[in-house]
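Before any comments, here is the structure.
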Amino acid sequence: KSSVQTIGEEQIQNPYTELLVLKGHQDIVRFLVQIDDFRFASAGDDGIIFLWNAQTGEKLLELHGHTHKITAIAPFSSSDASEEKKHLVLTASADRTVIVWDCTSGRQVQKVSCFHSTVKCLTVLQRLDVWLSGGSDLCVWNRKLDLLCKTSHLTDAGISALVELPKNCVAAAVGKELIIFRLIASNNGSEGWNILEVKRLVDHQDNILSIVSVNDLTFVTGSHVGELIVWDALDWTKQASECNFWDSSVHPDTQPEIKLSQSPNETSVQHLTSDEECVFAAVGKGIYVYNLQMKRVIACQRTAHDSSVLHIEKLPNRQLISCSEDGSVRIWELREKQQLPAEPVPTGFFSMWGFGRANKQANQAAKKMQENTPMYSLELVGDLIGHSSAVQMFLYFGELGLATCSADHLIILWKDGERESRLRSLTLFQKLAQNLQLK
């Protein structure tokens, strides 16, 4: 029996009571990126990019140019002093091309088709005014799409994720390795760059699936077998790690589930997001809140959904949103709970005292730390039912609402029903007032 939480008809804290269904895609919609305050782009397996208005749900542009599915997308704003701010979007496809699109006109600005393999990730380094493409090698490009430099062929697996680090460095996930590269500008005054491999980190036991930058000092990676590692972003040393996500003895307040064996999919870290204080991890079917200061999980919902959680975000308030392969989108609230007397800490539990040293002193210190730590619970406050298939990801637009995309080919804009109702009443009132003035 699944111990997934359910919520009744009464969802007092769920503002998203109105929805707009946006149709246009012919296949799985995998990506949503925000262009500006009102516009976002969607892309997926049909190779088409759509631009939408987040306020009205209006389809603004339909961009055709790729012949295979989209594998990566990134917004790229130009801030050239000679012209007004231009909003561009970069798309990579399984057709081994990358296209730069103008978000105002919808035209192709540039197209590159010199790749030996599919580009799996795109990252814009705004400070350096360059962008990177990751696939079987790492390439550095300027705004005009000139190739500035590239690494030699890495592996057949290629780069699956990239994150920007301080001091002109980037971390690239290549299988279970994390490779740190540094970009060095040429001395001769030309626009040339060199890319230098500076370190390989081999602490993960399995493929790295997710990577997130917390701030200029810290970044975090998560792997297929449920390891979460916190890294120093300046010297690339390991700060802390957690690999007991599925161990019920570590989280005694959660309902134990009877399992014959632990399948890796149930422990894989699909997505990570962060604020300055915590890392929020989508692990298997669950969501976990890992406090960076305490170096421990402070709240979790082991079975947040019926199947794998694909995306998680923290909202500006104390809420989280998660979406899953089961087609659901859920809103959670992080609540402080009354602390129970501390249990003895299991020796397998990672804490700042070391990996499972079962000496008395460490146990007492960890126990004392548990007593002084406020623990939190994740309470289900909203269930957004609308998609009929896996919800791949979502975008939060503040008071404009939430956009979700799914394998059912649809995008749904979730709106605050009360706010929309007030806006409609206001518009109607203004129209009536105008009519009266005309009379």
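Positions of Cβ are set from backbone N, Cα and C atoms, glycine also.
The shown structure was predicted, so the numbers you read here are calculated from the model rather than taken from an experiment.
As recorded in TrEMBL, the features of this protein are as follows:
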type	residues	note
REPEAT	22-62	repeat 'WD'
REPEAT	63-111	repeat 'WD'
REPEAT	302-342	repeat 'WD'
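Predicted-model confidence for the repeat 'WD' (302-342) is 88, expressed as mean pLDDT. Taken through DSSP, the repeat 'WD' (302-342) splits into 0 helix, 20 strand, 21 coil. Per DSSP, the repeat 'WD' (22-62) is made up of 0 helix, 22 strand, 19 coil.
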